[in-house]
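What TrEMBL says about this protein:
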TRANSMEM  20-42  transmembrane segment
TRANSMEM  48-70  transmembrane segment
TRANSMEM  91-118  transmembrane segment
TRANSMEM  130-151  transmembrane segment
TRANSMEM  163-184  transmembrane segment
TRANSMEM  190-212  transmembrane segment
TRANSMEM  283-300  transmembrane segment
TRANSMEM  320-341  transmembrane segment
TRANSMEM  383-400  transmembrane segment
TRANSMEM  406-428  transmembrane segment
TRANSMEM  440-463  transmembrane segment
TRANSMEM  469-492  transmembrane segment
Amino acid sequence: MSSQYSISNKKRIAKNTLFLYIRMMLIMAVSLYTSRIILNALGIVDYGVYNVVGGMVVMFGFLNSALAQASQRYITYGIQKDSSEEQIKMFSMLLNVHIIIALAIFVLCETIGLWLFYNKLVIPTDRMTSAFWVMQFSILSLLVSVIQVPYNASIYGHERMNVYAYISIVEVLLKLGVVIIIKYCFEDKLIAYGGLMMVVVVFTALIYQLYCIHYFSNCHYIRYWSSSLFKELLSYTGWSLIGNLAWTFNNQGMNILINMFFGPIYNAARGIASSVEAAVSSFLYNFIIPTVPPIIAAYATGNVKEMLDLSFRSSKMGFLLFMCLSLPLISILEFVLEVWLVTPPPLSWNFCLLSLIYMQCNSLSGTLQNIVQATGNVKRFQLSNGLIKIMALPAVYTIYKCGGDVVTYLWTLIFFSIIGLVVQLDAVNRLIESFKIKSYINLVIVPSLLAYVIPLILSLYFSQMRLNLLQAVGVILLVLLICIVSVCFVGLTKYERIWIVNIVKAKLNKSNG
């Protein structure tokens, strides 16, 4: 792997990553506090109902997820190569397609969704009316989010991550305000929570749209339709659809299965695990996101070697970063849950632990999809990876039907995640001639796993202990120190250590100067 990187790319990625991390730190703190308040305000059953009903609606957004990737790819590609007029046409076409998708999702939610709601979900009889309105509010929120995608893609494409950070902070503060209001007002808190969260989604979407219209010349809608472009988008999206359908089934489909077999109490436990997972994985997500436009731009300009260098390094750095965040948390997980929630839902510890390990497995394939997305040739990758992932749902259904424990779905997801990594590597190898599986294993997977083993064992050992505050602080500092040492001397190469030290020195010199 080459040690030469575009200086402008590195500076831009570092700057965008910094903005996203500032955003993430605030959002994580507020979101975790919000989860505690809303669990207390709604109660375990209503919290579980909100998670399963809202999750079921999100499941129908798999159409939008596939198009979101297409939007980011085509807008970023257009910024690099197309004229302003062509960019406007592309944006308008993408918006047209997302409006069509929004209408399709609305029909699916109000037909199949309602059938699932009344016939398959396990919801207490006295909460059915409230749950119905939560579903309707969730549908409207999803429709707004679908139409919003081309605007978000434009922000990513122009690499204005600071704007994304600022607006996201406003959004999470509004959600905190909603939770505080819910705690002290309203008789039916479940309906009020669903309705006010929808208002927040609509408001933040308007902010994004107004910003894009004002600052980006390509975000001006015109009446335009291109059948050839529509077919091209469908072709790209059609194969991405399989991968996104698989992801949605793994995520929200599992929520429905848990509800069908075990009831809303365990949906509450899964909701808590999802909050922890989202908080920690946001670090990884905010590390990966700034690398997507440069990866696509490198391929668009014919610099395949730089694209692969950036992808390899991003995958390994992402894995090691997630390790340094998740393992200290795992080591004091029970203490954190008791302090955070006071009375956590049953099996919250098990859900959180296995969810973090599952996310760690997924992080190994961090940027493989970005390589494929850059080429636009997503057929083999999405088909093979999607089919592997989608097999997890019937597997878990069978396990539950045979009397399996509720947490076995996470072990199943971990197993299929490992199989999926093998399949993804083969698909990328067939797509990019200069991509070598052996190189990825030697440069990314092997050093990452070697750096992970000892800190993981230590974290699992400490996680079995009941700790007081002083002990918890000592444990988390010890595990974090061991993670950092393992990363520096096992996970990173000599060049990568020098590169990081030079960045830190430059920042310190700049601060002192």
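Cβ atoms are placed via backbone N, Cα and C, with glycine included.
TrEMBL: automatically predicted annotations, no manual curation.
Keep in mind the model is a prediction, meaning the values are calculated, not measured.
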Touch test for the transmembrane segment (320-341) and the transmembrane segment (469-492), at least 3 Cβ pairs under 8 Å: yes
Tertiary contacts of the transmembrane segment (469-492), as residues 6+ beyond its ends and Cβ separation under 8 Å: 316, 320, 323-324, 327-329, 331-332, 335-336, 447-448, 450-452, 454-455, 458-459, 462, 500
Cβ-Cβ under 8 Å with the transmembrane segment (406-428): same-chain residues at least 6 beyond its ends: 250, 254, 257-258, 261-262, 266, 347, 350-351, 354-355, 357-358, 361-362, 364-365, 368-369, 371-372, 380-381, 384-385, 388-389, 391-392, 395-396, 399-400, 435, 437, 440
